[in-house]
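Taken from TrEMBL as is:
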type	residues	note
DOMAIN	97-167	domain 'S1 motif'
DOMAIN	185-249	domain 'S1 motif'
DOMAIN	262-330	domain 'S1 motif'
COMPBIAS	384-393	compositional bias 'Polar residues'
REGION	384-421	region 'Disordered'
COMPBIAS	408-421	compositional bias 'Basic and acidic residues'
């Protein structure tokens, strides 16, 4: 230990110079002062640049404010009037009963979402989609992309969406159509959908009308007429009272009045019997007797006609008191047996053959009148070559008319009068 102490005691260190410490301190302190100066200078420069930018923005805002205060519309092409016009164009009236244009953009089993340019989409329930009862929107032709006019009928309080309807608009159009048909006094078809003690319920133009039993010409029961169509005429059309009264009797009377002897009508085979076929001609049942089907003998009617067949027939006779109409296709055959071999040709030539038949009838009637005039020259009438009665000329002999030159009935089809009957 003593030797170690002696060794340390023998060590000699040079004295520390104050000047050297001062120099070192100066060496370290000078660069720091320079760095601090540079940072401070940079901060001052940035602060000055931001201040200038703020001053510039402040000046721009002040100038803009002054322009808005003194000349607000200077350099603006969109005027105040244009702005109000744009507001009017997009002003939406959401009152109930208002009609709006809309485009369907989504459908489901319960209804459809419709874009009507309002703040939210509108909804069309399936029960408001058609005047007819439907289960799916497709039955009414409502699909995404369809654009139509709707009417607002309510509002959904849960989401403030509007409820639309097409059925209301269709009802208005249906009532208008019924009023027009009543004014024109036309015959329409109605489908029986129900009944009660007083009459039948029939659908016409989508509306449910009432047909009293007193206005039904048929003796069929309501059950027998259910789901069937029959001719009707309008008796009372009152939209305010929701009253639509119809008459089958008036329609039948008008139809029967139009059935002229020799006229050609289109009918549908209703049923076949051993003695003939019953044909529906506009709500009236006529009988096409087996002997009036063709000039050739028909042993089995089913080989020529079937229920549901559509054909042209000619009116032979009409008993309005009994409501019986006799029909014929035999008179429409261009050649005997065509109704069996080529019925299509018979229907194509029907009007032409009927015209020939009517000319024969007219000539036969003219000859009958001529026979009467032979014995009644005092009637003052004469018969032209066309079978028309006209006043006598003063040049005619006083003893009467010579009818020997009256032309015979036209036999252009090559058949005798006996055969044609």
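Each Cβ is built from the backbone N, Cα and C atoms, and glycine gets one as well.
TrEMBL: automatically predicted annotations, no manual curation.
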Grouping DSSP H, G, I as helix and E, B as strand, the residues of the domain 'S1 motif' (97-167) number 8 helix, 33 strand, 30 coil
Based on DSSP, tally up the residues of the domain 'S1 motif' (262-330) by helix, strand and coil. 7 helix, 37 strand, 25 coil
Going by DSSP, how much of the domain 'S1 motif' (185-249) is helix, how much is strand and how much is coil, in residues? 9 helix, 35 strand, 21 coil
